[in-house]
């Protein structure tokens, strides 16, 4: 053994590391001291050779004693002591046993989280910590990844730790939502970790969904490292809900013969007798694993132990179980299921079963039922189940309380025990008050209210009870004896009482006998003593004393005997544990005394007289009675008293236990019989053989079963529903149960599955069921594959598989044969297509394929299929399909159940639901296909091939390359009967200068990405490039290679025929080079390259290190110049080259200015001699885009142009620059540049992002961006962002679409002229042969074809509408007409636009004259037009405010604080001059103190916070400019950069994500906008007096430029929580803007605020327009008792740059604000100036919508920085609060440097928002700031005028009652009490009434006046002062009618 330690010996200091113990003892012969864990003590025991003293259990070490080898690994959280010499300690005389505090800490459930934390903290160096942390992360990463994969569900906050304690490794990082995530997590653990490990033998699963069963098989196969042991799935369909849950398949007569069964969440529905019937029905069954969902505490009460997990209630004999508060997930089960927890074994005749509870997870229990009884099995035992940490309070003395009402938390009970004894003066309400602070905690939600009440009463009544413990020194032996006698006084007194009683009873009798007898011998303890002679003569003396005359008269028995023989003896008899002195006697007394073990007396034969006996007993009862009195009156002995005290007050921990006993029953049938004639399993065609099972021990031979009941009885109790999806509890006759066997998959991956068989017929094959595949959510087929489907044939739902299915070809293939015969496509290819579209469950059916499969084939291959079945005619496929044919369906004839599809077959009538699958007759021969039309789409087989050379055509070839096998195969290749668009195979030789130029630039890092890669990634490429550079200097000789160049327009189909060519045998050794990773993925997907073959497709730099005989270069013009030559130089094995590209789409341009690659001839010029034809057609582009370029297209889609703000498609966002692409990608959007998208194809509309860089894009790159989509183009954000040059393709395409739209609306207008690409790109097309028809032939020899006529355009307007957006969006995107310039809208009628900009208003303005207008004669001239043209709108109907009921809260209890005394000491003695600054030779004056009242404290209390007043402080504004304003460098307008647009776009989407709404625009509401204008005019004009407006007439001065603002400072005293006791602060600047902007943009902001208020979700709180009471109510409903996050910012207003302007423009466009308003807003923000200079586009306080824009910007930043989801958030301007600390957005680290705004997150359990501390209890005004205001007002004498406002603020928290203390930090409690004290001192009685809880007393006069039945005090506080006085004095009847309903206009916050 090796130990790491540091010790001191007799010699020098030794610092040892990993020394053997023998070496340690040798170096320290004098002994040493070391602390070690307990498990190491046996190895360090003292020995004779090394007298080591006993070792403590902790290591003493020092951080100063370096170097050390982590000796702190043996300690537990103790600070290191100073380095001192340790001396050997002598061994103690008697080593004391280790106490609990010194023992090593024991951790359960894994290593302790902080066991090595001191070791990590000891590492001061960051590198050392990173080294340690890397190993920790490496160890944690697999476990965390596995846990997130297995348990991806988002769990409530405190449940991950609870599940971890239960052994379930769930984490708090789950992200998937679930109706009951905790139950789902437990179920997942049960299936994949608990059951999957126990299925070691062939097993059958019962009552489980098919998807869960498939996943369970995969988990078991991975664990057992072989084929899965789960072979059968048995799902009886017993209710209608089961039919929806389980697959409906027949069930055999007998159960599967597997030794293991697993019953999933159903045991509670079966009785032990039914389980016995199951074992009898399955004689091979040995073990049954069953899961039981049952709250064990249901046996003791109706309140659950885990209410957040489940709730239940009992009704009769049933238990209703609700999962996690979700009523939809509830179900009912029998209450008798608890017998499974109380049964240890089941006996049913000769059958013996053992029941074992394996594990319990809260309400889920794993039960094992085994056949037989084991030898060591206990018939009766006790089990413990999960329960809270609780104690059971005793019953009261007078009555009994239910057990559930006496269970309380142990921690609370113990804390309350200490609390009631620690309080000096305990009040009656103190225990209840303490409990109130604990009862609202989430961890105690299982405690009933009755239990809390019982605990409070118990603590109050037992508080005076104290233990009778005392401690005596016992300094003398006498004290020890007295103490012993005191402790044993009760048993000693009892013994003496009995002895005295027996002695007193025996004395009279003894005296009577001594008269006639003498004592001759005394025997004591076996020793004989001779008594003195006087005792022997005593009877004689007595006889002499008796007169002789009396002797005759004495009774005979009293007369002395004739002889004096001694008969009396005294003896001791020895008993088992005591010795007793006995006096033998006779008679009844002898029997009685013997039973009492008291001394007995032996007498002579003569009986004593009865009076003497009675006298003796009477004397003996005296001490007995006295002893009994003392026994019952005196206290118990101290030990008994303490034991009773401990039992009463120190209760042990309560555990939920069950006593289990055996159970005897009669077996009953397990399942009901489905019908009188059960269906047997039908034989199907055999499956391919599956891999054999691994060797396993054979199951025990089945016992000979005795006669048992049938498997299917006539009735059964309620079927077993699932807790995850519970069915209704009612029982019903069952449908046919389903046994779903699972075969082996088609392929053989490492985990293979055996092919199961049916038990009833072992040799019969079963229906093939493929292995489970990951599926997408179920959606309509028409949404997954959009198109115009005939007869709604695409409306069925489909779960699209994420990977292709591997289902074998079906036997019932008549539909495939019919479609193959019609189209000429092989039926195997058709089946492969269906495997890519449908999941395996939809491909396997006993009835064959259906019309759903026909629709999928028709969509894929562009068919319109007419299906005839009797009189029914249906069409399947697309209405626009170019090909059509007919199929007939023959319905089944009973008893057959399968129909038949065929071409031109006879018809019979049937229903609309058609299925068919009869084996089709083989259609072969020329007649079968010659008469059928053939489609031109889809893959075609290679054989039979056409002739090598068409007649009349001889290719021009070079001698060697052109006659190679590759050249011949390329010329021979046909796709859809069409050859490749080439004339010949060219010979190409390497151009060494081009290769040398490129390799030199690569080596120097001027081109490519190799130089920017990490060193570890470029180790393989750099040596290769250096070698190529050397090879280019001395090139080896090599012959020319064959080369073909396929060039054509975008989307003409250059790649697809080459991909089919590479699939042939000749071209199997190939590699493909792509310019981008995007194209690489498309090629891999098209070629189906996976695993080892994926190397064949790579990007251009990594391809230089690979070898293949065929080289394919895609998009060659996007690669550096000379790449073809360098590739041939790098790979001498290349024999044939295929290059693809379009010279029109631009060429490569180096980004490094030092690169010399641009000096070479461009590739389009270098490769032009090798272009045989240029294919000027397209298969990709929609007709709108193709017609614009004048290019024919085969795409029937019309296409559209739109301006949209949301990318709802899978296509990426195309941006002009790399920087914007990186910014948007970091924000979570898929973005690539225009040029990088070259070669890609997107089925959805492509989104082209426009900014100022779009003007710099050439037409070559613009062509790339416009030609990517199959369906249309979306520009974003608006048409004004299009390039200004009219010849730019973006602008030209927009103008073409506009003109086309106008022409279709009005045919009299000219049709727009398309762009002629042959003229636009004539430089690139010069000398090329252009083909305009894809159906060309080489017979023409490549002659130039004439231009084809343009295809006719559709005339409907729906062509401009996108068809790929889902229907669940609120509105469609902004289309073309939404962004038309206003000067152009005159020439195009509104009816021609797809959407109206202003919908037709339904308001009747004809009656506008009936409404009074405002007299505008006093309005300034600049305001007259807008004021006079708009008529006022009708007032909206006011919504009644919700009724507010006072909560039943406890009155607030305040500690006694003198507010005035606290005010005297509130301000520390500080020199005010130290708080000022010196600016421009002047001192500031924010803390004036001269001539200020100081009646309260030594200094004026106004010094607690800065005072901003420009009149008293001339330096205020100028000194604040540097912090409050940001200036532009010049007078030029601020330019919106690409970064601003990208960040604004990200912020906009984050804001919409916060509102949980679509970013798409909503229709404009002109009526609402008009009302906003009227409201704004009322606020700016009507509500003001004429004098005020005339005084401010300069604000409407026409000479005042509208972009100029006047900056002034805000006068205020900054008394708030963050400004108290601070020094000089910059003032807040306000901007005075032109009235034009206020009147024009003010209605826009009001309109946006109304729209936002409608969409705002409940978890989002905006403080605008809300009262503090509403804030408090929202907090009570949404906040949780957790740590809150406050995101503070540095210079919030000044840090908002261009991205804020872009965000505001996006918001206005979403609201469909007319474009002039948006343009005006952007113009003002980018051109703003003030008297100090030009300003940046920062936020200026005073501009319209300052608060709303600040709030939205803050909210957008929060949702960009964090993953908030539905977390409650409070936002108000730059103030924000998040309910709990959310996870960081993974993209934020990349986005944070791009923002000028710097967040400063702060976490605290006490959240401060807008001056209020908020929490789950509500909101309370920050007490310190409120106290400062009260104290300042008290000092300057203004308190009477302000106290009403302060009382209103204080009443918000006061209304919460005693719960407000949970919201205030402990250090501020004194200020809250001081505020209460000052208000009580100085407020009027009517104001104090607002501080009372509950309703105002029922004053009849007030209530009759207000027509209310009650009036809450918060509402009373809002009344004006006059009304409050009248109400208070009972004079409300004097108020005018309705006066009291108007709240006070005094500010209250």
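Backbone N, Cα and C define each Cβ position, glycine as well.
Note that the structure is a prediction, hence the values are computed from the model and not measured.
Swiss-Prot tags one of the stretches 77-103, 104-130, 131-157 as region 'Disordered', and that stretch is 77-103. Annotated by Swiss-Prot as region 'Disordered', the relevant range among 874-898, 899-923, 924-948, 949-973 is 924-948. Annotated pair residue 814 (active site, for protease activity) and residue 900 (active site, for protease activity), C-alpha to C-alpha distance, rounded: 6 Å. For the active-site residues listed here (814, 900), the lowest count of other CB atoms within 10 A around the CB belongs to 900.
Here the domain 'RdRp catalytic' (1682-1788) has, by DSSP, the following mix of helix, strand and coil residues: 43 helix, 24 strand, 40 coil. Summarised as a single figure, the pLDDT of the domain 'RdRp catalytic' (1682-1788) averages 92.
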